[in-house]
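Below is one structure, written out as structure tokens; the observations come after it.
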Amino acid sequence: MATSMPKQVNMESTRLCTECGRQFQSRSGHSRHIRQHKGQAPYRCCGKMFFDKDKLKMHRNHIHEEAASEACFQCGKLIATRQQVTKHMAVVHNANSENFTCDTCGANYTSKQGLQDHTASRAAHACHCGKEYRHATNLYRHKKSTKH
């Protein structure tokens, strides 16, 4: 079982949604999330709105029975999106044999992102009033809901 040293999450590089306080490490994820708040879905099908192309492809495959365009490299099963193929490989074929372990508590994760999310959630976020939160989102909501 391979273990990997956790990458330190740079909290300054995260992007915070000013609407709900959710944090994002990628600019594209943050932008997609903001479009959801604004109701700006660039993809539409049969009256439904989709904020990213993969979700539209999954909808068309599942609801309209359009042919899945991606194939599993190992078994050949047709799947709607590359992202779903990756998930299929990890779950069905146990392709993600690398585990990521938290040095502090020993929790294991199958993805680097899972470990990074865990590490970020363990950090304390404190308000000047003395309240502390494990998640920056909760601190953001606290500050927004109380008068400081």
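Cβ atoms are placed via backbone N, Cα and C, with glycine included.
Please treat TrEMBL annotations as automatic predictions, because they have not gone through curation.
According to TrEMBL, the features are:
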- 15-42: domain 'C2H2-type' (DOMAIN)
- 70-98: domain 'C2H2-type' (DOMAIN)
- 100-133: domain 'C2H2-type' (DOMAIN)
The domain 'C2H2-type' (15-42): DSSP-derived helix, strand, coil residue counts: 12 helix, 4 strand, 12 coil
Mean of the pLDDT scores, which run from 0 to 100, over the domain 'C2H2-type' (70-98): 78
